[in-house]
Amino acid sequence: MIDTSAIRGKLTPNRDLSELTWLRVGGPADWLFQPADIDDLQTFLRMLPADIAVFPMGVGSNLIVRDGGLRAVVIRLGRGFNAIDVAGDTVTAGAAALDAHVARKAADAGVDLTFLRTIPGSIGGAVRMNAGCYGSYTADVFRSAQVVLRSGELATLGAAELNFRYRQSDLPEGAVLVSASLQGVPGDPEALHARMQAQLDKRDQTQPTKERSAGSTFRNPAGFSSTGRADDTHELKAWKVIDEAGMRGARLGGAQMSEMHSNFLINTGGATAADLEGLGEEVRKKVYDTSGITLEWEIMRVGDPLDG
């Protein structure tokens, strides 16, 4: 058991995670903790036995939780972690602040973080995964992050400590990112909002935004962002090699590779995590067999299968 006497947040045992992920699949976590604020999170992690695993979870936009669930304490940040403050060209956002909200508030203040507007998820996830699109990455604008380490200690990490790479960073194991400071370049608010609207229009025309998906399924083999630069003509894209392998529209159970954009894995209704991950693995095998390219997952998969 976990001692709850000193915490103010909500601790829920055996919490089903399927309703917390965009794909609406997954089994239960041993525990779900929703801290009230940073002090509460620090208190909880200090008293949590060291042998209990911690999994920080954002809004579940880039995540498959396997059907057997997660043997860990899942930490999900809420309202106490979604403030957005702008000072000059620097935007400091709580880890639970949505990327789209940060982009809009920055634009209101004449700060260009427009690439965040079409990225699903929260700032915590954007930093952890070095999220990006249209040739811009979180690492390009990142200045520092506040994290609560697994020990409960509050620390400030810079870009050197996080060692950003394509869709990766070195956030310490068990650490929970609580806020990040990003520095954009000045811009005209009206022009920034117009650019974001154009990006949204393009996304809606090319991606299955009305389906249950988790964004891009696989990293691009070239290491570029999944949508590429607006003027990028590089041929080696994940969607292209998936198409060449004949896997656009492929199905397994309730899972499907989108007909609209073949690098989007969607839950058409009633899919299990096993369906989704299984179809993804079929795609990886077929792409390797036809092109010799090994696709790497961009969607994070965690937890245990139902039978194990």
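If you go along the chain as it appears here, the first residue is 1 and each next one adds 1.
Backbone N, Cα and C atoms are what each Cβ position is placed from, and that goes for glycine too.
Keep in mind that this is a model prediction, so the values were computed, not measured.
Secondary structure from DSSP puts ARG167 (active site) in coil. Taking a C-beta cut-off of under 8 Å and a sequence gap of six or more, ARG167 (active site) has these contacts in its own chain: MET129, ASN130, ALA131, ARG219, GLU298. Here Swiss-Prot flags ARG167 (among others) as active site.
According to Swiss-Prot, the feature active site, proton donor maps to SER216, an assignment based on sequence analysis. Mapped onto three states, the DSSP output places SER216 (active site, proton donor) in strand.
As annotated by Swiss-Prot, active site applies to GLU298 (among others). In this structure, GLU298 (active site) belongs to neither helix nor strand by DSSP; it is coil.
Below 8 angstroms of C-beta separation, residues 22-24, 117-118, 227, 258, 260-261, 264-268 of the same chain, each at least six residues beyond the ends of the compositional bias 'Basic and acidic residues' (200-213), sit close to that stretch. Residues or ranges marked as compositional bias 'Basic and acidic residues' by Swiss-Prot: 200-213.
Feature annotation from Swiss-Prot assigns compositional bias 'Polar residues' to 214-228.
Feature annotation from Swiss-Prot assigns domain 'FAD-binding PCMH-type' to 24-187.
Annotation source Swiss-Prot lists region 'Disordered' at 199-230.
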Using CB atoms and a 10 A radius, I'd like the single residue among the active-site residues SER216, GLU298 with the highest neighbour count.
SER216
Whole-number mean of pLDDT values that fall within the domain 'FAD-binding PCMH-type' (24-187):
96
